[in-house]
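Swiss-Prot lists 589-863 with the feature domain 'Protein kinase'. Residues or ranges marked as phosphothreonine in Swiss-Prot (evidence: similarity to another entry): THR585. The feature phosphotyrosine is assigned by Swiss-Prot to TYR662, TYR699, TYR754, TYR761, with similarity to another entry given as support. Residues annotated as repeat 'LRR 3' in Swiss-Prot: 123-146. The repeat 'LRR 8' annotation in Swiss-Prot covers 244-267.
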Amino acid sequence: MATRFKHQFSISLALTFFFFFTKTFSFTENEELGNLLRFKASFDDPKGSLSGWFNTSSSHHCNWTGITCTRAPTLYVSSINLQSLNLSGEISDSICDLPYLTHLDLSLNFFNQPIPLQLSRCVTLETLNLSSNLIWGTIPDQISEFSSLKVIDFSSNHVEGMIPEDLGLLFNLQVLNLGSNLLTGIVPPAIGKLSELVVLDLSENSYLVSEIPSFLGKLDKLEQLLLHRSGFHGEIPTSFVGLTSLRTLDLSLNNLSGEIPRSLGPSLKNLVSLDVSQNKLSGSFPSGICSGKRLINLSLHSNFFEGSLPNSIGECLSLERLQVQNNGFSGEFPVVLWKLPRIKIIRADNNRFTGQVPESVSLASALEQVEIVNNSFSGEIPHGLGLVKSLYKFSASQNRFSGELPPNFCDSPVLSIVNISHNRLLGKIPELKNCKKLVSLSLAGNAFTGEIPPSLADLHVLTYLDLSDNSLTGLIPQGLQNLKLALFNVSFNGLSGEVPHSLVSGLPASFLQGNPELCGPGLPNSCSSDRSNFHKKGGKALVLSLICLALAIATFLAVLYRYSRKKVQFKSTWRSEFYYPFKLTEHELMKVVNESCPSGSEVYVLSLSSGELLAVKKLVNSKNISSKSLKAQVRTIAKIRHKNITRILGFCFKDEMIFLIYEFTQNGSLHDMLSRAGDQLPWSIRLKIALGVAQALAYISKDYVPHLLHRNLKSANIFLDKDFEPKLSDFALDHIVGETAFQSLVHANTNSCYTAPENHYSKKATEDMDVYSFGVVLLELVTGQSAEKAEEGSSGESLDIVKQVRRKINLTDGAAQVLDQKILSDSCQSDMRKTLDIALDCTAVAAEKRPSLVKVIKLLEGISSSVSPVSA
């Protein structure tokens, strides 16, 4: 009886626990779902990235975007990763009621608020990543309330002020990343108490001005220490010998001085990367730096180091990148460096090295770049160099190399850049037909003899060719005119004969001088005088015969043309011309481009099968410019090389459509950046953009031949690369599509606010008009306001940005009200006012009152020199 009772009791107890846990699990699951929905409700989600977050029995919340669940023992939310979803709004603490949440990643979004202290309620949270947002304000003392955190990443925001001492109370912290912010002051001693720290990143905080604190040497678990591009000065602490776990040390781009501690190298046996470049360090090469045999990257460049490189560097069997350029190193360059099995990059420019490049360089099978300009290397360039099939850059100008180039010099299938100018090389230039990817070849200032190899014409991507100051003879090969040469310099040789016409028309005369036997248009010798005897000796009969033959051929071709045209009257032809080695088919292009787009100008992003991204600009050629003329005009513009001008990589055309193919820029247009996230562009970046655009405009209108005007400058035609370097686009389109089509394009796609007043009645485009458009772009940079956003005046009239600004600055303290309040600070207000004055001068109604581009550049450079760089 007792046994039966016990059995019934056990069953009852089990059922009780079952129903209890079932109810608990059901309650917890519903609670989790509700917390997540409240968390989502606080966001602005313009792309609908979280549209799948809704209450439905068909989709468990553990399967929602960004949600990861863990069994503990049943399924619970443990991680939320909403990286790069264009989210904004407020960060709610409703997720702190998720009892097992350990990981929260909201990086690469647009959250615009102070550091959310309310998340300190998340008592189980171990990782908090808010990097690459618009987080602003200081790090509060209450940061210590995040007691469970192991990872803090607030990098790439607008966090300012001093690093609080209370940060040192987070004893569990393993990763602290505060890089790319606006922090000031010193690194507090409390950071030295974070004994579990593995990663410390305080880089790119230019106002963090102090010596590197010695207490950092106590962090013996530290594997990454990143202090680059900040305001650190003084010496490298000797206490760093205590960082025995360190793998990456980056102190570059600071103001450090003194020597590298002698015991540092032997102590850091786990070191993989050491970068102390661009400081003011001195002394000798750090001894024992390869004692751990793990070093991959060694960057000592742009300092004041001297002495020789020790042969012990041969112990660096893992070394891939050696950068020691721009120092005072001397002595023989270690032979062992040339045969390291993993070495990829050797940069030793601007030192006083001697020695030779040995035949054993062939053992460096991974070698990609050699840059040893301005040293005292000697001997012959070895046959072994041609056996390195990975080599794509060999730059060794201003040395003492002698002898002939080996026949296999250009056998690397990826070789793109060769500069061996200003040496003592001699003999004939070898056949370089294997260098199919050669873009730049400079052999200037040597003693080469013989003729220019005709095979150079087979190098279809060759863009720069400098053969000046040699002893070359013979004719300039006709085939060279088929290349897209941005530079062709054969001055001071012994060349003779007629210069191919297209080469003469696109070259400065100085690139041909010093060849008295050359003749052609614009040269001292006219080739027609050489044929005078032909006319004197009865060549008229031959001329008449040739004319008759030409007429017969022309008649035949005309008949053939009319016949063929009838057959293909309705058949369109696809044509293309590329200046860089990539493949693009009509199918790939038309897959991206909708042919029913309205006339005007559109930009598409095209992804090739290789993964490379291209920008494609669609234009309408309403004038039906001939194929020959179109090619000539695009080639003229494609030859332009300037760091602030977008490269044209090629073009395609079909019927009345033209597609210009540009290099892709990662950060889009200035217009989009200002509209979307203007406060991500601090003043130093905006000033860099202004100066770059002005320099690009001046280059195309004054330095480049033929002189060009932009005629369509606006913020939407200024693109930004990954470093926010401006790239000018869409200039001189009138040369490509013709004036009529260009005017239609401008009227359809450009707001008149960018257009100079005289453009409405003047028949001639001028530099003053470009200056006016540039002034409007300057106003956008200074005010943060889109030029296309008109306001209504007191009388009901529409005011463009120029009129708006001019009216506002007439009010009391109006100039200060005009400046972009999102980035305005005491440190930049004066410079922003100066730039505003330049913008107002550029947008003067009377063209003659506007400054020249040269003057604008000088004024902007004067402002730029006083601005401290701040990372965007």
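Including glycine, each Cβ sits where the backbone N, Cα and C put it.
Residues 83, 96, 99-117, 152-167, 169-170, 172, 177-178, 677, 679-680 of the same chain lie 6 or more positions beyond the ends of the repeat 'LRR 3' (123-146) yet place their CB under 8 Å from a CB of it. Taken through DSSP, the repeat 'LRR 8' (244-267) splits into 4 helix, 8 strand, 12 coil. According to DSSP, the secondary structure content of the repeat 'LRR 3' (123-146) in residues is 5 helix, 6 strand, 13 coil. Ranking the modified residues TYR662, TYR699, TYR754 by the distance of their Cα atoms from the Cα of THR585 (phosphothreonine) places TYR662 first. In this structure, the CA atom of TYR699 (phosphotyrosine) is 21 Å away from the CA atom of TYR754 (phosphotyrosine). Taking the C-alpha positions, the distance from TYR754 (phosphotyrosine) to TYR662 (phosphotyrosine) comes to 24 Å. Reduced to three states, the DSSP call for TYR754 (phosphotyrosine) is helix. For TYR754 (phosphotyrosine), other Cβ atoms within 10 Å of its Cβ number 27.
In three-state terms derived from DSSP, TYR699 (phosphotyrosine) belongs to a helical segment. Residue environment of TYR662 (phosphotyrosine) contains 20 other Cβ atoms, counted within 10 Å of its Cβ in all protein chains. Of all the modified residues listed (THR585, TYR699), TYR699 sits in the most crowded Cβ setting, with the most other Cβ atoms within 10 Å.
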